[in-house]
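Participant: Heads up, here are the entries from Swiss-Prot:
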| type | residues | note |
| --- | --- | --- |
| BINDING | Gly45, Ile46, Ser47, Gly48, Gly49, Gln50, Asp51, Ser52, Thr158, Lys187, Thr209 | ATP binding site |
| BINDING | Asp51, Glu163 | Mg(2+) binding site |
| BINDING | Arg138, Lys171, Asp178, His258, Lys259 | deamido-NAD(+) binding site |
Amino acid sequence: MTLQEQIMKALHVQPVIDPKAEIRKRVDFLKDYVKKTGAKGFVLGISGGQDSTLAGRLAQLAVEEIRNEGGNATFIAVRLPYKVQKDEDDAQLALQFIQADQSVAFDIASTVDAFSNQYENLLDESLTDFNKGNVKARIRMVTQYAIGGQKGLLVIGTDHAAEAVTGFFTKFGDGGADLLPLTGLTKRQGRALLQELGADERLYLKMPTADLLDEKPGQADETELGITYDQLDDYLEGKTVPADVAEKIEKRYTVSEHKRQVPASMFDDWWK
């Protein structure tokens with residue numbers, strides 16, 4: 001088995017999917033998991049990007065089906081901007097599409113800036129822009145878990161195969177969640193699910209960005225990665241990609257393995 005095939009298997013990627021069937025499987029997963037845990041529903045941060053839009057709509061469909069079947073579950077969508085978000089219109093469009101039971105908004109700027117200032121005062125150095133970006137992601141995680149803990153809700157994560165293979169998420173930030181309904185999907189497969197669900201194409205054709213950097217607001221994921229999502233998707237779907245692209249992907253996969261594992265102990269061997 002080639003490394004490419006090993007990665008596809010590890011990340012549960014199917015080269016070809018049926019979007020309607022995938023929606024059904026993922027909604028059922030959300031329903032089954034919330035029932036098994038005894039939780040009261042879900043909470044998820046909504047950015048206006050493809051991934052949170054898809055996960056949010058799946059979550060809302062799941063809680064509606066639970067209620068229609070005589071159960072009780074709710075979904076809270078959370079806006080978590082840092083000051084004024086450049087693509088706020090997209091976030092509002094996503095909320096209109098998702099139709100969450102409840103939507104709330106937290107501006108994380110005061111918390112992030114207060115921490116950054118205290119860090120600088122105590123350690124006599126400023127956080128790097130990259131590190132501050134990770135603080136933003138982790139404050140967003142803290143906010144979602146505060147809501148979830150208060151109301152008995154599970155935190156949904158938006159990680160999918162194209163992010164997982166590169167480790168393109170913040171450890172214990174957007175990587176911190178209770179369940180991951182998008183696991184195994186490539187970026188283009190996620191788009192196909194949103195198309196099937198009837199989303200406005202603006203929500204899945206827009207340029208993907210983590211938008212965590214003050215110095216490079218709205219920087220494209222592909223710029224930061226040095227790899228396009230089409231290349232990532234082709235690789236993950238078992239297609240042939242240029243040798244240098246495959247090498248980049250496989251290197252990122254190897255060095256980011258710790259992000260896909262629970263914290264290491266001396267009894268684990270995955271890191272050796």
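Each residue, glycine too, has its Cβ placed from N, Cα and C.
I'm curious about the neighbourhood of these features; can you describe it?
Facilitator: Around Gly49 (ATP binding site), the same-chain residues at least 6 positions away in sequence with a Cβ under 8 Å from its Cβ are Asp90, Ala94, Leu203, Lys206, Pro208, Thr209.
Cβ neighbour count for Glu163 (Mg(2+) binding site): 27 (other Cβ atoms within 10 Å of its Cβ, all protein chains included).
His258 (deamido-NAD(+) binding site) counts 13 other C-beta atoms within 10 Å of its own C-beta, drawing on all protein chains shown. Reduced to three states, the DSSP call for His258 (deamido-NAD(+) binding site) is helix.
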Participant: Residues with Cβ closer than 8 Å to the Cβ of Ser47 (ATP binding site), same chain and 6+ apart in sequence?
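Facilitator: For Ser47 (ATP binding site), the qualifying residues are Leu80, Gln85, Ala91, Ala94, Asp211.
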Participant: Considering the binding-site residues Arg138, Lys171, Lys259, which residue's Cβ sits among the greatest number of other Cβ atoms within 10 Å?
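Facilitator: The residue with the most neighbouring Cβ atoms within 10 Å is Arg138.
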Participant: Hey, how far is His258 (deamido-NAD(+) binding site) from Gly45 (ATP binding site), Cα to Cα, in Å?
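Facilitator: Distance (Cα to Cα, whole Å): 24 Å.
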